[in-house]
Each structure stands twice: as C-alpha cells, then as structure tokens.
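Report on the structure given below.
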Amino acid sequence: MHEKDLHTTSTNLSATLFTTLRVPCCAPGFRGLGASYYVALCALFSALGGLLFGYDQGVVSVILVEEQFLQRFSRIASGSTGAGFWKGLLTAMIELGALIGALNQGWIADKYSRKYSIVMAVMVFTLGSSLQTAAMDYPMLVVARSIGGLGIELLSRVAPLYISEISPPEIRGSLLVLEELSIVTGIVIAFWITYGTYYMSGEWAWRLPFLLQILPALVLGAGILFLPFSPRWLASKGRDEEALVNLAKLRQLPTTDLRVQMEWIEIRAEVALHKEISQERHPKLQEKTTVNRLKLEIASWMDCFKKRCWRRTHVGVGLMFFQQFVGINALIYYSPTLFETMGLDYNMRLIMSGVLNITQLIGVISSLWTMDRFGRRPLLLIGSAAMFIAHLIIATLVGKFPDNWPAHRPDAGRQMLTCDKGRASVAMLLFYTVSFGPSWGPVPWAVPSEVFLSSLRAKGVALSTSGNWFFNFIIGLITPPLVQDTGYGAYVFFAVFCLLSLVWTFFFVPETNGKTLEEMDRVFKDMDSTGEG
C-alpha cells in the first residue's frame, strides 16, 4: 500500500473511532430540542428564507384569480388566447430564476460562507419583490418574478445546508423540518393575507401582498449577521480554532468539554480525508492559480457524478423530482382551479384552498416529532402510498361525473357541499396534503443536506435544488393546460408518480436517521479513497 493510501486509511479510521466513541449531546428527536435550544434558535431564524419561498407560492395562488390583477394583466385572464400558457409561464418564472440561482449557490456558499450567502440572497430577493410590487405590464412582472426566484433559491437552500452543519445528529432531522415548516407557514400566511386584500378596491389588492414579503427578508438579512459560522465550513477553510469556538458556542459548552473536543476532531478528520481525496483525484490542480481554481471548481462539480458520489446525487435529485411530480405545487399554485373541477363556487374555492394549506401545515408540524423518531424512509413510503390512494379516488370521482358537477355544487346559502361525491373529493385532497406534510414535504429538503461529502456538500445540495426548481418549473408550466384539457387526467398523472415514488424509495433511498454527517460513507458503502467504488 502506498504511503498516501496509508495516511488516508489512518485518517478514515480516526474519524470512525471518534464516531464510535462519540457521546450524544442531547436526547434524540423532539425531546432534545430543549437541551440544544441555542442551535434550535439559530436554525429557526435561518429558516426564515423558507417562509419567503412559501409566501410567494401562497400569494400567487389567490392573485391569479383576482379580478384587479387580471384587469392589469389581461393576457392571463380566462378567454384570452393562450391564457393557460401565459399563466403557467408567469407562475414558473420564479422557478426558472431559482434554477439559475441554484447553479450558482454552491460556489457562493463555499467561498463566502453560509451566512454571507444568505445576506446576498436577501438583497436579490428584495429587488425582485420591489419590482413585482411596481409591475406595470406582463413582461415586467415576469422579469421581476425571475429575479425574485434567484433570491428565493439562495434563501431556501442555504438554510438547510447551514442547519445540517450546525446540528447534532440526534436532532438534525427535527431541525431540518423547520425549513419545510417555514415554507408551509409562509404559504398559509400569504394565502390569508391575499384573501383579505382581495376585498380591497384598486390594484393595492395585489400589490400590497407583494410588498409585505420584503419585511421578513430585511429581518433575516440583518439578524443572520449575529449567528455563528458553520464549524464545518470554518474547518474546510483551515480555520480550526474558530471552528472549535463556534462549535462550543452552538453546543453551549466550554471548548474543553469532551463532547465538543470529540466532535471537533471528527469534523477536522473528515475535512482532512476529503482534502486528500481531492488531491488524489486532481493532483495537477493543487497549485493556487486562478486557472487551477476554475478548473478545480468545474472538476468538483463533475465529482458529484462519479462513482463515489453518484448514488448520493441520484438520491438528492430523485427526492426533489418526486416531491414535485406527486403534485403538491400544482395543488398550491392552482388549488382554486382544481376545486372548480369539483363544483365549488368562487368564494368557497378560495376558502378551501386556505384550509388545504392549513392541513399541510398540520402534517409538517407532526414531522418535528416523527422525523427523528421513525426515520426518513418509513415517512416517504407511507406518504407515497397515502397520496396515491387520494389521487386515485379523486380521479375516479372527477372522471365519473365530468358533466354533472353542477348538481354537486355547494349550496350558496349554507356554503357547504351538498353531495357525497363532492365531499369525498375535497376530503381526499385534504387527506393528500396532510399525508404530504410529514413525508414528501420535509424529507427531500433534509436528506440532500445530510448525505454529501463535506467537500461536495454545497455543490451536491445545489444540484439537488437545481433539480427541484427545474421540476417545479415544469409542473408550473404544464398544470394549467393539463387541468383544462384533461380534467381527471391530471389526478391520474400525479397518482402514477406517487406510485413510482413508492417503488423508487424502497429500492434506492437509505436511512440517514441518527447518523453523523461524517458517517454517511458507511451508509452509502462508498468509503474507498479512489472514488472508483
């Protein structure tokens, strides 16, 4: 064995030894949050970026059917030529902007730190929100939404990366749920704000909701400066003493505490191991020149697709693919339109859309307890099965009564459904969202932040979220014509992908619950240093 191989093996064994001897810093799951209150507060604050993402989704779902909005942007009003396409494009532009942001997020988070990349994102998001508020025509609104999407991506993705790197493994799952919890909370808040402003006269009915989203962004941008740096990011930059100080602050323990010392050594060992792996893979690019840095940056992106990391990339991107194609954002963006296919009148469609968001929030809140108690895989498998059943029942009901829904509309006086078929369809949508909430809602945001090597974590997470935004863009684009042209076919489409997600999860997604970030090599069984499997 070569001397370099011996050194790598020694480093690897050291990391394994410290992982084996590691003393838990708190109880697992929700019970451990009290003992790690400072980490929980840091995670909660950084997750405000998710609230902004959710807020935008909630705003759009109501604004798209507001008369005041449609008067200004008549291109997307019903009856206009190509209205379905233009509505889908408007909705999807924020995902397109986010996709561009995701492709740049990795190197920004690596170079400037997780903290400062959030500050940059707030600046971009504030610009996009201001332009949306001031939009005077369709092209301006589309450009504004793409800029806003660029900021939203950085906000919604760096937060889970930061949370995963500051959290002890016993509560990491519960804290990563905060991102999805913030997203859904933002959806709920935005929906009911927009529902309230709907009754305002003039264009402030839709401009005010766009304006209000700037406030939490500014709070996040200012407050994030007071949070500690990620110890793992500091260690990756060779700032070991700062990493120790920040780690001790996060654990609320002295730097001499055995638990802090062992975790610090484990982090440094893993960083050293993956630096050696990088040197072995790219020995000609180690000289610190501008050209070499650029080549190494490109090479490190390509490493995500090599044998050592491919399975992790497959899991990260695959989770994001199915999160979108099981139909959740189609439901959020176009829930009033979907409820119309079930015969609800206009006001009831809006109210039930809000109720739908609340049921999803309830589901996400439950995952604060279930994520670390039951693990990631069981939640995904149960969620897929439940959502498949819900979509299948809705497709059957909508398909069976395509021309007879007026007989099953809500009674205008009582504002309730008067038909068992109508009630069953609405109930199944509520069942779908409460099933999605604790499963395919938080888990796809959590797992990519856990599984990648420290040297590739920011880039791996960026690839996963690039996929999320691309798939989200496709869903936003195809849903309006899919619903308008096929009716029940939309529910069949999503039911098929729910079933596929069940099969894919069973065969490809490993359990990461309770594992340190440094233990993921053993989870994926790809511990050799050559990267060739």
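Note that Cβ sites are derived from N, Cα and C of the backbone, with glycine treated the same way.
Annotation source TrEMBL lists domain 'Major facilitator superfamily (MFS) profile' at 42-513. Per TrEMBL, the feature transmembrane segment maps to 37-65, 85-104, 116-136, 142-163, 175-198, 210-229, 315-334, 346-368, 380-402, 422-440, 461-482, 488-509.
In this chain, the transmembrane segment (315-334) lies close to the transmembrane segment (380-402): three or more C-beta pairs between them fall below 8 angstroms, excluding pairs fewer than 6 positions apart. The stretch in closest packing with the transmembrane segment (380-402), judged by the count of Cβ pairs under 8 Å and taken from 142-163, 175-198, 422-440, 461-482, is 422-440. Contact between the transmembrane segment (142-163) and the transmembrane segment (37-65) holds: at least three of their C-beta pairs are under 8 Å, each pair 6 or more apart in sequence.
Across the domain 'Major facilitator superfamily (MFS) profile' (42-513), the prediction's mean pLDDT works out to 83.
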